[in-house]
Amino acid sequence: MTRMMVAHPLPLLAILLQLLLSCLPALGYSNRFFYQDILNGNGNGEIHFNGVKLHVDSSQPSMFALRGSNATLSCRYWYEPELSSPRRVRVKWSWLPVMGGHETDVLVAIGPRIHSFGDFRDRVYLRQDSPGDASLVMTELQLNDTGRYRCEVIDGLEDKSATVDLELRGVVFPYQPPHGRYNLTYHDAQQVCQEQDSTLATFEQLFQAWEDGLDWCNAGWLADGTVQYPITKPRSPCGGLGLAPGVRSYGRRHRHLHRYDVFCFSSSLRGKVYYLQHPQKLNLTEAQQACLNDGAQIAKVGQLYAAWKFMGLDRCDAGWLADGSLRYPITNPRRNCGPMEPGVRSFGFAPPHHKHGVYCYSAVVVFPYQPPHGRYNLTYHDAQQVCQEQDSTLATFEQLFQAWKEGLNWCNAGWLADGTVQYPITKPRRPCGGLGLAPGVRSYGSRHRHLHRYDVFCSSSPLRGKVYYLQHPQKLNLTEAQQACFSNGAQIAKVGQLYVAWRFMGLNRCDAGWLADGSLRYPVTNPSRNCGPLEPGVRSFGFPPPYQKHGVYCYSAAG
C-alpha cells in the first residue's frame with residue numbers, strides 16, 4: 001500500500017511568511033524592522049503558541065504634562081499563563097495627532113534594536129525598567145505632541161495594543177489678527193498661533209479654560225476644525241440670555257472657505273517675560289531694538305499669556321508685543337488696571353509710531369566659569385573668548401541679577417558684558433563680603449579690561465539640538481570620549497550646552513562625564529542622596545587629568 005506524506009501546515013506557513021516578507025524592502029517598507037523577527041528563533045518556525053494569551057495594558061490611559069518637560073506613557077505586556085523564558089517581541093508606538101489625520105510611527109523596537117521617527121527622533125526611548133515594561137519616555141515635550149499614543153506589542157500572530165492620551169497643560173487665549181474680526185481660514189489660524197509661540201487649542205483645552213472663567217463672544221477655530229466660543233455670562237449679543245453658560249459651537253466649518261478668529265494654546269515657558277525698564281517710551285521699531293539691546297527679544301502674545309498664567313507676571317503698564325499689539329498682564333486686580341478680575345488686557349493694535357513700553361522675552365541660563373589654569377586668570381578679552389568656546393556669551397548685569405533672584409549663589413567675582421566685575425550672594429558668609437552685608441549682587445565696579453583678571457559669568461540660550469549621556473560599555477579618557485561622541489554622530493558637549501540642557505530640557509543624570517573643555521560635570525534637576533547637594537544644579541569635579549576614565553556627555557545638533 002502506498003502511503004501519502006502530508007506536510008505539517010505550521011512550518012509551511014512560516015516559510016510562506018518569510019518568502020512574502022522578504023519582498024517588503026522592494027515594496028518600499030521603510031522603517032527597517034521586518035517581520036522575520038517575529039519567529040523568535042525557536043528553531044521550529046512556530047509563530048503562535050496554544051493556550052497562552054498576550055495582554056497589553058496602560059496603568060494611566062491619560063496624562064497631563066507641560067511643554068519642555070518629560071513624560072512617561074505607561075505600557076506593560078504580560079502572558080497568561082506566565083512563560084518560563086522570555087520571548088523577543090516587537091514593540092511599536094504610534095501617534096494620532098489631536099487635529100486628526102493618520103497615525104504616524106513614533107518608535108519601533110525589537111530586542112536591543114530601537115528606531116525613532118520624524119519629530120520624535122532622539123526625543124523618545126523605552127523605559128524597560130522590568131520585564132514586560134514597554135513604557136515610552138518622551139523628553140522635551142513640544143506643543144504639538146498632544147494626541148493619542150498607541151502601544152502595540154506583536155509576538156508572532158498575537159497583536160495587542162493599549163492607548164494613552166497626552167494632554168499639555170497651559171493657557172488658552174483668543175486671538176484676532178491686526179486686520180480685524182473673522183478674517184482667518186483654518187490654515188491662517190494655524191499660522192498665527194504658531195507665530196505667537198502657541199498652537200491651535202483643542203476642545204478639551206477650551207472647555208477647561210471655560211471652566212476656569214474664560215468668557216469670549218467671538219467664535220474661533222479649534223484644532224479639530226470646529227468653530228466654538230466660551231460663554232460664562234449669557235447675554236444678548238452672544239447667543240441670547242435664554243441659553244445656559246457653556247461652550248457654544250458652530251460645528252465643523254470649511255477649512256478654506258470660512259473665516260473666524262482663533263483660540264490658541266500656550267504652555268510653560270523656557271525663559272522669562274519682563275517689562276523693560278527704559279528711560280523713555282518707545283515706538284514699535286524702537287521697542288524691538290531695545291529688547292535686542294537688553295540681550296532679549298520682543299515678547300510674543302503666547303509668551304505673555306504663559307508668563308501671566310505660570311509665573312504670575314503682574315504689571316499695570318501697557319507694552320508692545322511682537323505682533324504690534326499692546327497688552328499688559330494682571331494677576332492681582334486693582335483700581336485703574338482694568339476689570340476686577342485677573343487676565344491679559346489688550347488695547348488692540350496701536351499705530352506703530354505711538355510711544356509705549358515693551359515686554360521682552362529672554363531665555364538664558366547664567367553660569368560661572370573658571371578656566372583649567374585656576375581662579376582669577378581671565379582678562380576681559382579672555383573672558384569673552386572662553387564664553388564663546390562654551391557656546392555662550394558674556395552675561396549682562398540684568399541676566400546675572402535675574403539669576404541671583406532665582407537662587408544663584410557664587411563667591412568668586414567674574415566679568416560681565418559691560419566690563420564690570422560682580423558676583424551674586426544669596427547666603428551671606430564671611431569669605432564672601434562678610435555676614436553684615438545683605439544678600440545681593442556684589443560689585444567691584446568697572447575694571448581695567450587688559451590688566452585685571454577674574455573669572456567670568458557666561459549666559460547660554462536654548463538649544464536646537466540635544467545633550468545626552470553616552471551609553472558606552474566602558475569608561476573613557478578625554479581623547480576616547482571625544483572620539484566616542486564623534487562615532488555616535490555627535491560631538492562632545494560644551495559647558496554652556498550642558499547648562500542649557502539642565503535648565504530648559506530637564507536633563508538629570510547622576511553620572512559625571514567629560515565635557516569639551518576637559519572638565520567633569522553632571523546635571524541634577526531632581527536632587528537625591530549620593531548626587532551632591534540637595535538642590536538642583538550642575539555639579540563640577542573641576543579638570544581631572546585627561547588620562548582618567550569617566551563617562552561623557554555628547555551633543556547632537558540634529559536633536
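Even glycines carry a Cβ here, placed using N, Cα and C.
Taken straight from TrEMBL:
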SIGNAL    1-28  signal peptide
DOMAIN    68-167  domain 'Ig-like'
DOMAIN    171-266  domain 'Link'
DISULFID  Cys217-Cys238  disulfide bond
DOMAIN    271-362  domain 'Link'
DISULFID  Cys291-Cys360  disulfide bond
DISULFID  Cys316-Cys337  disulfide bond
DOMAIN    365-460  domain 'Link'
DISULFID  Cys411-Cys432  disulfide bond
DOMAIN    465-556  domain 'Link'
DISULFID  Cys485-Cys554  disulfide bond
DISULFID  Cys510-Cys531  disulfide bond
Out of Cys316, Cys337, Cys411, Cys531, Cys554, the disulfide-bonded residues in the record, which is closest to Cys360 (disulfide bond) when you go by Cα distance?
Cys316
So, taking each listed stretch (271-362, 365-460, 465-556) in turn and counting its Cβ pairs to the domain 'Ig-like' (68-167) that are under 8 angstroms, which one gives the highest count?
465-556
List nothing but the one residue from Cys217, Cys485 whose Cβ has the fewest other Cβ atoms within 10 Å; the candidates are the disulfide-bonded residues.
Cys217
Can you tell me how far the Cα of Cys238 (disulfide bond) sits from the Cα of Cys485 (disulfide bond), in Å?
60
When the Cα-Cα distance from Cys337 (disulfide bond) is computed for each of the disulfide-bonded residues Cys217, Cys291, Cys411, Cys432, Cys531, which gives the smallest value?
Cys217
Residues near Cys531 (disulfide bond) in space but at least six apart in sequence (CB under 8 A):
Cys510, Tyr522, Val524, Arg539
Going by Cα-Cα distance, which of the disulfide-bonded residues (Cys217, Cys291, Cys316, Cys485) sits nearest to Cys432 (disulfide bond)?
Cys291
Are there any residues in the same chain, six or more apart in sequence, whose C-beta is under 8 angstroms from the C-beta of Cys316 (disulfide bond), and if so which?
Tyr328, Ile330, Arg334, Asn336, Cys337
Return the single residue from the disulfide-bonded residues list (Cys411, Cys554) that has the minimum number of other CB atoms within 10 Å.
Cys411
Comparing the disulfide-bonded residues Cys291, Cys337, Cys360, Cys432, which residue's C-beta has the most other C-beta atoms within 10 angstroms in this structure?
Cys360
Under the DSSP assignment, what numbers of helix, strand and coil residues are found in the domain 'Link' (465-556)?
21 helix, 25 strand, 46 coil
DSSP helix, strand and coil counts for the domain 'Link' (271-362)?
21 helix, 29 strand, 42 coil
What is the nearest of the disulfide-bonded residues Cys217, Cys411, Cys485, Cys554 to Cys291 (disulfide bond), using the Cα of each?
Cys411
C-alpha of Cys411 (disulfide bond) to C-alpha of Cys554 (disulfide bond): distance in Å?
30
